[in-house]
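Below is one structure, written out as structure tokens; comments come after it.
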Amino acid sequence: MKILVSNDDGYTAPGIEMLYEVLRPYAELTVVAPEVNHSGASNSLTLNRPLQVRRSSNGFYVINGTPSDCVHIALTGLLDFKPDLVVSGINNGANMGDDTLYSGTVAAAIEGHLFGIPAIAFSLTQRGWHHLDAAGQIALEVTRRFMAGPPATNVLLNVNIPACPIEQIAGYSVTRLGKRHASQPVIPAQNPGGETVYWIGPAGDARDSSPGTDFNAIGNNRVSVTPLRLDLTHDLQLGAVERWLGDGT
Ligand SMILES: Nc1nc2c(ncn2[C@@H]2O[C@H](COP(=O)(O)O)[C@@H](O)[C@H]2O)c(=O)[nH]1
């Protein structure tokens, strides 16, 4: 089993080192990860400058680009093989509900999925790497279950892991994405030149954490596994928009 490993926190992040360590006895791993943290990068590709690839001392491929750049370059030329699975993470913080639209961690998995490769994004739901060892065990368990027998379809899984000791993890829940309230207000500040600058405010709290959502599973110390799809077409609105727009004749 050949697994491509990436992340968005950067190649030196504890989360990707943990993912590498727990998976290496069970699969042939190739790590292609960003040089620096790209949290919030979403699916951005770098098109306005060339990208450089170097090898770190531990053999990781390191790219001065986004998470999507890393997986894209790996799959379109850097690697001379097609991985059996793409895994991304373990992220420093949750990727639940609307986070998935901004998340670089999820984006790296999406890039693999776009190339027809099953993909899994792993996120530890509290920042600060607390209980990362437990999260590593969960990531290994999910990946090994995949290796033992992949699901019937080409999955793109968003896995959020509660930040608690392994013995307090209550099980797995297959979930739908919940929803957050709008992000909190921007945070203005002054730079040394006296100009006002702005920090993006914190994410909104959960707005939909009803049973069956990722938020609800995590709130009950259960690992949340959400299958994602990429088709953004709003099927239910097709007729209404056709009636509104007409066909121009
Ligand atoms: N509006 C804000 N959203 C935030 C902030 N910190 C995190 N986030 C959300 O979480 C994900 C992190 O995922 P990553 O895989 O990109 O690291 C990010 O994408 C946002 O959705 C914040 O301070 N403000």
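Heads up, residue numbers simply count up from 1 along the chain you see.
Yeah, the Cβs are placed from backbone N, Cα and C, and that goes for glycine too.
Predicted automatically and left uncurated, TrEMBL annotations should be read as such.
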TrEMBL annotation, divalent metal cation site containing Asp8, Asp9, Ser39 - matching residue among Asn91, Asn95, Asn154 = Asn91
Ask   = Would you say which of the binding-site residues Ser39, Asn91 has the most Cβ atoms within 10 Å of its own Cβ?
value = Asn91
Binding-site residues compared (Asp8, Asp9) - highest count of Cβ atoms within 10 Å = Asp8
Inquiry  = An 8 Å radius from the center of the Asp8, Asp9, Ser39, Asn91 Cβ atoms defines the neighbourhood of the divalent metal cation site; name the other residues of that chain inside it, in order.
reply    = Asn7, Gly10, Ala13, Gly15, Asn37, His38, Pro67, Gly89, Asn92, Gly93, Ser103, Gly104, Thr105
